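Taken straight from TrEMBL:
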| type | residues | note |
| --- | --- | --- |
| COMPBIAS | B:11-22 | compositional bias 'Basic and acidic residues' |
| COMPBIAS | B:589-602 | compositional bias 'Basic and acidic residues' |
| DOMAIN | B:36-262 | domain 'Cytochrome b/b6 N-terminal region profile' |
| REGION | B:1-23 | region 'Disordered' |
| REGION | B:567-615 | region 'Disordered' |
| TRANSMEM | B:69-89 | transmembrane segment |
| TRANSMEM | B:132-153 | transmembrane segment |
| TRANSMEM | B:165-185 | transmembrane segment |
| TRANSMEM | B:231-255 | transmembrane segment |
| TRANSMEM | B:287-308 | transmembrane segment |
| TRANSMEM | B:346-376 | transmembrane segment |
| TRANSMEM | B:397-415 | transmembrane segment |
| TRANSMEM | B:435-452 | transmembrane segment |
Amino acid sequence: MNEQDSPTTGSEVAQQGEFGSGAVRLDEGHVVGEGGIPDRFTNPGFPPHIHRGTDLDPRAARRAERVIGGLFLLSVLGTIGFVVAYFAIDKRAAVFVPGIGDMNALHLALGVTMALSLLGIGLGAVHWAKTLMPDEEEVEMRHPMRSADEDRAKFGEILAEGAESAHLNRRPLIKYALGGALGLFAVPVVLPVIGGLGPLPGDDLSVSYWNGEQEQDGSYPNPKMRLMRDPQNTPIRASDVTIGSVFHVMPEGLLDLEEGILEEKAKAAVLLMRLDPDDIKSQKQKDWGYQGIVAYSKICTHVGCPVGLYEQQTHHLLCPCHQSTFDVTQDCKVIFGPAKRPLPQLPITVDDEGYLISRGPFKEAVGPSFWERGSA
Amino acid sequence: MSTETYPSGRPADRLRDGDRPVAHAPSAAARKAGGVAGWIDDRTSAAKGVNYLLRKVFPDHWSFMLGEIAMYSMIVCLLSGALLTLWFVPSAGHTVYDGSYVPLRGQGMSEAYASTLNISFDIKGGLIIRQIHHWAALMFIIGLTVHMFRVFFTGAFRKPRELNWVIGSVLALLAIIEGFAGYSLPDDLLSGTGIRAMEGFVQTAPVIGSYLAYAIFGGPFPGEMIIPRLYSAHVLLIPAILVGLFTAHIVIVALQKHTQFPGPGRTNDNVVGYRVMPVYAAKAGGFFFIVFGVIALIAGLFTINPIWAYGPYDPSPVTAGSQPDWYMGFADGALRLLPGWLEFEFFGFTLSLNIALGALVLLPLVYTVLGAYPFFERWVTGDNREHHLLERPRNNPTRTGIGMAGITAYSVFFFAAGNDIMAIKLGLSINDITWIFRIGLFVFPVLAFWVTKRICLSLQRRDRETVLHGFESGRIIRGADGSFHERHDPLNKYDQWILVQHEPATPMQLTAEADENGVASPAARKDRLRAKVSQWWYKDAVNPVTPAELAAAHHDGHEAEALEAPLDYEGIEGRQDHAGGEGGEGADTDVKRDDESDRDSDVDSGIGSASRLRE
């Protein structure tokens, strides 16, 4: 039924302010005049059709025909151009495009000719449909989505009959055994997946290359390791670190690894900065540093991006991913952004030759939080 | 036989008596179709079904192309993606680059990154395919998003199409997951940083986080498993589900027939438009080529994701302005807005709600809310009828307002993901910007709802005024008494119909709270909330002009300032509804009533205030 034309009957106007009691339900109609004027406008039916220029004027139709044909021909030209460009243009050739800049000539030519080839077909077809194909709209009737009542009833009957004739209700053993089998059959598929996806983390997230190689008994040697420049892989003298400078640091030996280098880097990366010792507000920070040189984990405690931006003047470290800001003068406390915990500090000192070395590993897990990080 | 068909009244017709009827030979095209199609039909009896499909009528409206854009972009993605698999090596295995891109030559990198460089620089036409693939993916998600806007704001999701709305919501969610997986495959520095963040998200899952992360990555981050696994998800698992659901989406559209906008001749029982053969075959088929062509043109002119500029992934370096593709922006923005104090530590355990809420909860939450919306609206309106006519967004101000509020909240998250870029480009403090967004997340959607609803109501009032008073003709008429007024031309009935066709507002009725014996009805208590929400939904509703109102407007005689003067002719009940300045029933309409000659306000009454005219 046409919802607009649905005759609604009712004799009383629902009064404002009485929504609770007087408002009419959606299907109970609205407001009805009683004096012969219908309560709703009726659908006026289709307006008279207005013919297009191409329907009335043969010349316009011919013009449209030429345009359509021209567009299809343009497509052919585009395709030919694509083939020519593919073979003729060197893949390293560059071309300057105003407004865009230097571009790879082959890439540009292939893109534009391909677009011509496609747009010619598309625009031609649409223009054809709009100018020469029938433009009188046609009407198709809808039918309610709902099936007839007897069909719906029959559906239930068929199911019931099927269950009955299969003895489903009379033989509960089959029913429950099948239920159990169906409930469990996915296990052989799922188990190897769950079991084989990856190893258990163990204490892996809580240790890094700074802890040294794990011993047989599961403990770590926590050696003193030299701080090496990344990527030069050279040791750093304390005297090289001037106030305001920042070094990207890896533990000694990490950059020589053959395997698993990225995995180790992801936890062991360190930033080394030198501050005026008077600027440092935390005693622990001073103690773990060396003459104002401090080393902090470079891995953000938010979601693990490298904290790559160091503001020399303010001594702020900024994570470029989500803008967590750490204040190096306050033991890398979070002063803005979504991170909660400060960056872990690496205790350092110098060895006999004047190179900076670690005094042990990080005292907590680096990087993003995880459930059991505090208990490790 | 032929004699029966000719009228035998005219003498000339008798001459044809005894003529043998001409048996029309099938045309060449029909014979040919009979050959090929006949062979297939002999084996499938497909003719009937195909005939039905070819004769199917689709309504025409530009906004119905939005879904087509999504569909065609997806097909372009499938095509170009299939080509990319010919060269892409989904492996994190180490290799040294020796291709033709000089700046990276000799550098160690993953095979995935090296093969992507290879596609970009050494395979002729490889870069255009890669760029088409990326742009088509963006177009796909833009297309389906705007398509969802259209479906939402026109109420196309109402019964019987709730199911298709849910399928569409799942498709939208899958599309952005698919996009993220594909974006991560080249293993460049930018996308690698995205995976790094994703690993951080997974780690923060309560209790199982670290186990989940090690399961997904096959060990510590980054490992060598994530690229092949993302690849299998990106080219096999998700596309299979995507294509399956998309097929169901389209089949349901065909089954239910397309919705249409209201208009003269268009009813809830018919569908008015053009047949597939030939019009839509040409229009929709042609549109595929247009979408593909536009994508190819963009891909040729504008470089997206120049992975060679980022370098191979390494967990230590990072570039400033690291951002995901735009469709992940809202989740990234949420992460930037969530404050750090949402991380809690207790009994040695850490619960990072500052991350989990934005990274693990938001995405499923958004799409669950989206998918559930039709059921919420049905609960509010109690409307259980089939709807095949779309609503003009202004005619459902509350829904339109809710939609705009949702878009606004999304936009706040989205723009928050660019807070660093905005800070640099606009020279503002990133801290201020972040705080504006944090507060704006709660303020802007409410504002957007209110403003949108008011705009809708105003547009509805203007529609009413247009119907009641017609168009200003520009002709000034002097009356016999020397007065002047401008003549208003009435609308024709077809234009008028569009403005009056929609249904008046009808809020839910609260059932009596107690029966006649004073026994409280439990149903009433349950329905109280529903009735309250329904009242809120229909508050301030502006109803379409009724014939009675139009008659009253015309009755005034001037045909122009119809209801300016208080109505004083006989036979009208409820005169207070129309007396100028007295106020109609619509609570909101009283607001503008003080305007001395505000014509519409007099007739602009709220729910159920149609004039009851007895003539």
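Positions of Cβ are set from backbone N, Cα and C atoms, glycine also.
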Test the contact criterion for the transmembrane segment (B:132-153) and the transmembrane segment (B:287-308): 3 or more CB pairs under 8 Å, pairs 6 or more apart in sequence, then answer yes or no. yes
Sort out for me which stretch, of B:69-89, B:165-185, B:231-255, B:397-415, B:435-452, has the most Cβ pairs below 8 angstroms to the transmembrane segment (B:287-308). B:69-89
Contact call for the transmembrane segment (B:346-376) against the transmembrane segment (B:165-185), three or more Cβ pairs under 8 Å: yes
Long-range Cβ contacts under 8 Å made by the transmembrane segment (B:435-452), restricted to residues 6 or more beyond its ends, are 333, 336-337, 339, 397, 400-409, 411-413, 415-416, 419
With a Cβ cut-off under 8 Å, give me the same-chain residues at least six positions beyond the ends of the transmembrane segment (B:69-89) that come close to it. 111-112, 114-116, 118-119, 123, 126, 129-130, 132-133, 136-137, 139-140, 142-144, 146-147, 175, 182, 185, 231, 235, 239, 242-243, 246, 250, 287-288, 291-292, 295
